[in-house]
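Encoded as structure tokens, the structure appears first; notes follow it.
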Amino acid sequence: MHFSGVAFILISMVLIGSIFETTVEAGEGPKSDCKPDLCEAACKDLGKPMDFCKDGTCKCKD
């Protein structure tokens, strides 16, 4: 049971990361208040530091 919880969290992180990766690369997507903690986590999943997070856009440093 503990393992399934860990697996669920990992799968969720991958799905969230892929959504943010698409938003970061395409520069479009749902416009909403950018959440710095989610943006930073998405950039960390890509192996990059967060550059900025404003106007619903998450940008990672290259």
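Cβ from N, Cα, C; glycine included.
Per Swiss-Prot, the features are:
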DISULFID  C34-C53  disulfide bond
DISULFID  C39-C58  disulfide bond
DISULFID  C43-C60  disulfide bond
SIGNAL    1-26  signal peptide
What's the CA to CA span in angstrom from C58 (disulfide bond) over to C43 (disulfide bond)? 9
Number of Cβ atoms other than its own within 10 Å, given for C53 (disulfide bond): 20
Taking just the CA atoms, what is the gap between C43 (disulfide bond) and C53 (disulfide bond) in Å? 11
If we count other C-beta atoms within 10 Å, could you say which of the disulfide-bonded residues C34, C39, C43 has the fewest? C34
Using a 10 Å radius around its CB, how many other CB atoms surround C58 (disulfide bond)? 24
Spacing of the two Cα atoms, C34 (disulfide bond) and C60 (disulfide bond), in whole angstrom, works out to 13
In angstrom units, rounded to an integer, how far apart are the Cα atoms of C53 (disulfide bond) and C60 (disulfide bond)? 9
